[in-house]
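Please read the structure below before turning to the comments.
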């Protein structure tokens, strides 16, 4: 009798069964007895102390440092994103069970967990032929891939697939190192987008089953077997030691992102965007601030891999073929444009590696091989840090809490920490305010967004923060304060009645003067004291004309 053979599929940011290159390849692979879909919660990225029984066993100690960011010391992954992640994991479990498989969830360093699986299965008479995963360009994930490769025993092959983007390397007519640092040049080199995107892959109807004798979760971790238990255990340490004191949720305000994680929910959302007409109106509404349909709200599903950019393109194309004569309209074209920007950020991250995180941006005069990205010398006269002085700490904390007395900034910051979401228009203003008005190290803002955003994506988040800070891909803003957003004018343009600000900033409710809603510090002193409004961190003297 021949020995059973298995593959381990390490799932990372591809939490879907459909349009999944690994599942699609496995379904047609011969000689594989078993498939082991495996998701590993990495303690360097997620705070996992809530998954332990350390308090119940005095002989146990939590073996990892807290999962906090390097500069600001924020939780790497906050309560909103861990909830969305857990929902996505259990949704994928359900999908895999329907085709004869399952998803195993473990905690620990991926290379260690995989090694334990291989050893345990070998003892049970099951040979692991390989470990498969999809490529990631973020520096930590690249290091993770190398660690896995080093840990694999002889005969076990690591296979890495290109998958996540609308475009992949084989679609480009030049190597990554030659990609333009200007998005417009890159875009022109790959257009037209409607025809360049790759087709989505078929969804497997069946997959090889899990083998018997799967190894248990190693101590000290215990993985809950139900969704609510996993959410609770992941959120508990974050809520017990919060980075800030959470404000109460404003009455009569609704989140613009109340969506549940998972592949099935992402497909529901995509169908709604098409059928409701929201996709066609996207270009006209994308700068909105309130409501669920002013933007696609697919970003969290994309960042977790619950849906692929190819699937979005295919749905748009089907609608265009059926209802628009096989042509883009301005809304569908704008969505493809944003998907291409997402690809472009990934390619820039791959091109520059750790330089992507450099305080002066990837254009800084550093050696790409030797620079560690984070270990650059920060000039405190150029870029501030809250640890430089008590005054800096007070200013920075007010920015975190949304207490700047600049309405658009405060509304966005409060919306972010209460819901895990804020609009793209608001994000640009918040990033500009921190990096250009307050002159704080822009990477602190990128870390803050990493912690709180439900749709956090390494390349997009860090690339966009660098862009707004003037050290990224914006050729007109490098090295100076050009392109500084005026948050008062922006509020005038995009929140003309102050409805968004009033939704999230309770002290602005009842203020009749809209310009005072935009800048609460302009209220009379007695009114400011009554509403507990502080003086502005930055007084922006701008008045609407006409």
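Each residue, glycine too, has its Cβ placed from N, Cα and C.
Together with 295, 296, 297, 298, 299, 455, 456, 457, TrEMBL lists one candidate of 282, 467 for binding FAD, that being 282.
The two recorded residues residue 282 (FAD binding site) and residue 465 (site 'Electron transfer via tryptophanyl radical') have their Cα atoms spaced 23 Å from each other. When the Cα atoms are compared, residue 442 (site 'Electron transfer via tryptophanyl radical') and residue 465 (site 'Electron transfer via tryptophanyl radical') turn out to be 7 Å apart.
According to DSSP, residue 455 (FAD binding site) sits in a coil region rather than a helix or strand.
Note on residue 455 (FAD binding site): other Cβ atoms within 10 Å of its Cβ, all shown chains, come to 22. Largest Cα-Cα distance over the residues recorded as binding FAD, namely 282, 295, 296, 297, 298, 299, 455, 456, 457, equals 21 Å.
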